[in-house]
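Asker: If you look up Swiss-Prot, you'll see 29-49, 64-84, 98-118, 129-149, 177-197, 202-222, 267-287, 309-329, 348-368 marked as transmembrane segment, on the strength of sequence analysis.
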Amino acid sequence: MTTAGIDLQLGFETALQNLGLSPGAAHALWVPLPMLLMVIAATLGVMVMTWLERKISAAAQQRIGPNMAGPQGVLIPIADGIKLLTKEDVLPSLADPVLFTLGPILVFLPVFLCYLVVPFGQNLLISNIAIGVFFLIATSSVQPIGLLMSGYGSNNKYSLLGGLRAAAQSISYELPLALSVLAVVLMSNGLDTVGIVEQQSGLGILSWNVWRQPIGFVIFLISALAETERIPFDLPEAEEELVAGYQTEYSGMKFALFYLGSYANLLLASLIAAVLYLGGWSFVVPVETIAAWLGIPLDNPFLQIGAAVLGILMTMVKAFIFVFLAILLRWTLPRVRIDQLLDLGWKFLLPVSFVNLLLTAALKLAFPTFFGG
């Protein structure tokens, strides 16, 4: 069922028009708001993730974790932010000022731009474009340039090695990740992120793509971990080898951009996994079935609003399951070597993702009803 949902742009522009503004003026006032909403939502998500990482890491090591800044340490992300904002922004004497400054921006900006096309609920997304998946892949591919610029512009051998590792790792795993996503696109017959979720909403949990794309799902998770530089793929900033990798010479707000970009990238990958494979805002049981159990008509406004609100929570719960797993893996798996990492990407994941794509195409021709023909 397609619920009425929440259309932020339509609601905002309609409210302004009711106050007497022309449609053009109302639309002009809306244009800067998506970027602001995107930054606020992603920043809040990063704050929650940093607190979760500290508490889960503490539990894994039988520690208490942060407990001084607010109840259960919930204000520790704000304290971290204030600390980073007040630190001096140092420019090394031998660093290239242009590359050194642009690097963090090119690492941070593409991640936040990707949030423009990620649906958090029915009609609750900032920009619903027909090529949403293509936009995600194309925008995220800019990040390796920023990593290289940061490593090279620092004029530090550890930073350079970290930047080269990060770029090689990102490029190696972008291909299998893109091919695994392409298999989902093939089944949904479109690049629209909202359409992909709606294609999974027919039979509840049985309609989710994870059952039809188990191989692609595993490839996506492994590639996403490598793209976000999480353990066991955190080679670009391996402390024992490279101090802090391409971040070695950074401090203050520039370092904060790397910090924000890293966690925002993990949350983005988790949201994309929830949207592509776990049905996004779709419920485990279809809304029609729930309405029949409760004896409520489908056009009931309370059902519409409740389904929309709970759908947003459903998307976030699914996404934070992946965040939780990524944090647990940090204390479970050892770091791999650089040759093992590249071999896994080029010699195993890439061929398997090609086979998975061809298999999906064949199954779509053979079983069009089940595979989205």
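Backbone N, Cα and C define each Cβ position, glycine as well.
Remember, predicted model here, so these are calculated numbers, not experimental data.
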Asker: Is the transmembrane segment (348-368) close to the transmembrane segment (202-222), in the sense of at least 3 CB pairs under 8 angstroms with a sequence gap of 6 or more?
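Answerer: Contact confirmed: at least 3 Cβ pairs fall under 8 Å.
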Asker: The transmembrane segment (64-84) and the transmembrane segment (177-197): do they have three or more Cβ pairs under 8 Å, with pairs 6 or more apart in sequence?
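Answerer: Since fewer than 3 Cβ pairs under 8 Å link them, the transmembrane segment (177-197) and the transmembrane segment (64-84) do not come into contact.
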Asker: Go through the chain and flag residues at least 6 beyond the ends of the transmembrane segment (98-118) whose CB is under 8 A from any CB in it; none is fine as an answer.
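Answerer: Hits for the transmembrane segment (98-118): 34, 38-39, 41-42, 91-92, 125-129, 132, 135-136, 139-140, 142-143, 145-154, 193, 246, 249-250, 254-255, 257-258, 260-261, 264-265, 268, 271-272, 275.
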